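Record features (TrEMBL):
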- 24-46: transmembrane segment (TRANSMEM)
- 39-269: domain 'G-protein coupled receptors family 1 profile' (DOMAIN)
- 95-118: transmembrane segment (TRANSMEM)
- 138-160: transmembrane segment (TRANSMEM)
- 230-249: transmembrane segment (TRANSMEM)
Amino acid sequence: MLNFTDVTEFILLGLTSRPELQQLFFVIFLLVYFITLVGNIGMIILIRVSPQLNSPMYFFLGHLSFADVWFSSNVTPKMLENLVSETKTISYPGCIVQCFFFIAFVHVEVFILAVMAFNRYMAIGNPLLYGSRMSRTVCIRPISFPYIYGFFISLISTLWTHGLYFCGNIEINHFYCADPALIKMACAGTLIKEYTMRTLAGLNFSYSLLKAFSTCGSHLTAESVEQRKMVAVFYTTVIPMLNPMIYSLRNKDVKEAMSKAMSRAFLNK
């Protein structure tokens, strides 16, 4: 019989144990997180208030920004807290919630990128029928799928995570509650969790790879090696910050909409 313990919290070992690097990382990632929030929330607002951005492409980009805000906010605040805190812990319920939203928004973001790739294909392949085939009503259906599917898969995965048993070791060698790290710590209940995680990952990312590799290769590459800490940092903090710049801020329509929105704001004052 295994000597199971009732786990109430975990210790997150984080990125480094060196105090001087922890302070430096705190400043860097606080800045990155601030830029992420400003960039993505600003993009959501700009898309909603600008008539010239009322098209399927920007409708999907708005949802990508929404997913990026949630994805980054699920991990980064706790990472920042632990970088400046003596007790680098996360409660068991907090760990489960973090796992749930991490898995959910990984799937949501990847499949939104797949939807964006399909939208691009429709715009190039059938330009004359694009307006009727990709109306706002039609767009709601494909954009609903990533949320429904992502949260459903996440619920299943998190239930199996909740079924893991731990035998005294509560140190997670990561900066957030990650399934691979939890599986490595667990002393029972890992077989079905491991099998489920690998099966779902293989099916989901192989499918999205076929549909969206041309537009999100960097995202999928990062996702395939997420167990490495620095790659995980890049994926959870840097990519959400860069997405508005990559997909939107270099776009002429977005620049014009931003200029008009700023002009209206100054005139109103």
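Backbone N, Cα and C atoms are what each Cβ position is placed from, and that goes for glycine too.
Sequence-distant contacts of the transmembrane segment (138-160), counting only residues of its own chain at least 6 positions beyond either end whose CB sits under 8 Å from a CB of the stretch, comprise 56, 59-60, 63, 67, 96, 99-101, 103-112, 115, 118, 179, 189, 192-193, 196-197, 200, 204. For the transmembrane segment (230-249), the residues of the chain that approach it from at least six positions outside its boundaries are 15, 29, 32-33, 35-36, 39-40, 42-43, 58, 61, 64-65, 68-69, 71-72, 75-76, 174-176, 178, 218-219, 222-223, 255, judged by C-beta separation under 8 angstroms. For the domain 'G-protein coupled receptors family 1 profile' (39-269), the model's pLDDT averages out at 79.
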